[in-house]
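Visitor: Could you have a look at this structure, given as structure tokens, before my questions?
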Amino acid sequence: MIRQLNYWSRKAYLIYPFQVFVGALLSIVVSSETLNHQKETCALLKSSNIFNVIFAYKANQLWPFLFFSLAFLQIYFHYLARMDILPLPISSTETSSSYLTYTNHWPLLKNRIISIMITQYACKFVLKYLLLFLNFQFIDHVFIWTGGECSSGSKTTSAEKCRLENGKWDGGFDISGHFCFLVSISMILWMELHLFSRFVQAEDMFWVVNKWVRACLAIVCAVLVIWICILWVTAIYYHTILEKVLGCLMGFICPVFIYHILPKIGILHNYLYL
């Protein structure tokens, strides 16, 4: 399972652009009348379908559970992997000095591992919400600036508030919030799965991967697959091609910053990474 996770998590970034490409292709090949008819007659293609409501609209409530489950696994496995960094004494002549060194240094090392990784994941968690907030501020304001408005008549500038008022975005250039949001939170989980599976392989810690670890990983993967299915509907039946392309591209801003830019900021590296 770990090896398969390592492989698929490395390829995950290709899934979402491929979905946009296929959706764009189908929107050219299949008439809009056919697509609209399918969307109106099939319950699973409507934005109000149960999967979309639970796994997309409520994803912000679900995602922290998945993220912190993977964070716990990362911290636990890093902790176990470093338990043997400081060797125990192997002879009686070494007992007094070596054992004293071990007992003095191990608590410090243990505390450093835990504190650094907790700080790292707290930083990732905050950055996810901050960057997505900025993304959606941009998306919503572009929509308003290009003549869009909420059908509820409330003059709100937030797509989320418009939905809660049972309104719909009308007019305007509507960058796909579904793609931006689901790609962002999915890629963060994919990156965590990749880091975890790579670490387990590098440290040869397959023996620690018990049924509970596998169950946790399976739940995360199942939700990721559901999000991919939801995005297939968005890619084929909703938004213009450019709106989907921009939504997908904006979805990569958050994970790229967290996993590729943040680790290269020297002043923060010693505080966030082992």
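Cβ atoms here come from the backbone N, Cα and C positions, even for glycine.
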Visitor: R214 and Y271: same side of the membrane according to Swiss-Prot?
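Guide: For R214 and Y271, the topology recorded in Swiss-Prot gives the same membrane side.
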Visitor: What residues, ordered by sequence, lie under 8 A Cβ-to-Cβ from H239 (active site) and sit at least six positions away in the same chain?
Guide: D174, S176, G247
Visitor: Go through 12-32, 61-81, 171-191, 216-236, 248-268 and flag the stretch with the largest number of C-beta pairs under 8 Å relative to the transmembrane segment (125-145).
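Guide: Highest pair count goes to 171-191.
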Visitor: Would you mind checking how many other C-beta atoms are within 10 angstroms of the C-beta on H178 (active site)?
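Guide: A 10 Å sphere around the Cβ of H178 (active site) contains 23 other Cβ atoms.
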